[in-house]
Amino acid sequence: MVKAVVLGAAGGIGQPLSLLLKLNEVITELALYDIVNSPGVAADLSHINTPAKVTGYLPANDGLKCALTGAHLIVIPAGVPRKPGMTRDDLFKINAGIVRDLATGIAQHAPKAYVLVISNPVNSTVPIVVEVLKKHGAFDPKRVFGVTTLDVVRASTFTSSISGAAPQGVRVPVVGGHSGVTIIPLLSQISPRHNFTHEEIEALTKRIQFGGDEVVKAKDGAGSATLSMAQAGARFASSILNATVKGEAGIVEPSYVHLDADKEGCAQLRKLIDGLDYFSSNIELGPNGVAKINSLGEISEYEKKLLEAAIPELKTNINKGVSFIADGSKL
């Protein structure tokens, strides 16, 4: 029996994500939680002829506890979307408290689950989840992930429009974090190989870093990247399930994690990034979550400058999340 839970299942990301998880035949039970409308989303999805039994929960009647109990995998897209003119700091003020409360529920009712954080700003919300789990003695660094897959999906799509390669076959390691200048696409390591001009590298880097702004602007106040984020979240969830349930080996995905997940393997990486506790890199998944965090490998001079620019921003983002819990969640 494999139970997956979506926290924030009735929202713009939550609904398409729940649909995609319902189509994953590894999942036998799908629990959908939100403050409104989740029973309706569950009723709708329950008519799809795949194995997962779908149930919707609201806060009343211990809904969060019921949704979380017995969970193998928990995905958190809860919170408000970014709107035109909103910074990720503006988002933080709203979403930090939401994520803290959900993380408290996870610590109490599903401490052994794999936790996938989508709620922005990921650079800060992942540390919030970790600090809450630590307070409850429930933190396992191998089981908490910030979902950065959308950056990789965008990198594949945007680069293929120049290289001519089939986008589904393109792999670009994207490291660092999950916002603006903290997103570092390692275009020098693209597979299949392609030699971009310096102008193309600069333009692609900026587009990958700020791709979310394209969608926010195009939706004109109606939300942010929801459908592409749902697909990216479902892809990462599928990789976690394939590694932890089906026992598939050699699955490598990028994710923003606490580097204690691979203390020995990350010694050199930590030096390179000025001792940061959190960083996104290519991660090999295993039966217990993080099996190995890969090094950055050979990076270009341009990418070294991107890394230098990302580190202070990441430091600020991480400290903001940690402080939110340490200071008793006072904004």
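Using the three backbone atoms N, Cα and C, a Cβ is placed for every residue, glycine included.
Owing to the predicted nature of the structure, the values given are computational and were not obtained by experimental measurement.
According to TrEMBL, the feature domain 'Lactate/malate dehydrogenase N-terminal' maps to 3-146. Taken from TrEMBL, the feature NAD(+) binding site applies to GLY8, ALA9, ALA10, GLY11, GLY12, ILE13, GLY14, ASP34, ASN95, ILE118, SER119, ASN120, MET229. Per TrEMBL, the feature substrate binding site maps to ARG82, ARG88, ASN120, ARG154. Look at TrEMBL and you will find 148-324 tagged as domain 'Lactate/malate dehydrogenase C-terminal'. Feature annotation from TrEMBL assigns active site, proton acceptor to HIS178.
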If you measure every Cα to Cα pair among GLY8, ALA9, ALA10, GLY11, GLY12, ILE13, GLY14, ASP34, ASN95, ILE118, SER119, ASN120, MET229, the residues listed for NAD(+), what is the largest value in Å? 18
Length of the line joining the Cα atoms of ARG154 (substrate binding site) and MET229 (NAD(+) binding site), in Å: 10
Relative to the Cβ position of GLY8 (NAD(+) binding site), how many further Cβ atoms are located within 10 Å? 28
By the 10 Å Cβ-neighbour count, the most surrounded of the binding-site residues ASN95, SER119, ASN120 is SER119
Average pLDDT across the domain 'Lactate/malate dehydrogenase N-terminal' (3-146)? 96
May I ask for the distance between ASN95 (NAD(+) binding site) and ASN120 (substrate binding site), taken between their Cα atoms and rounded to an integer number of Å? 7
Alpha-carbon spacing, MET229 (NAD(+) binding site) to ARG82 (substrate binding site), which is rounded to whole Å: 13
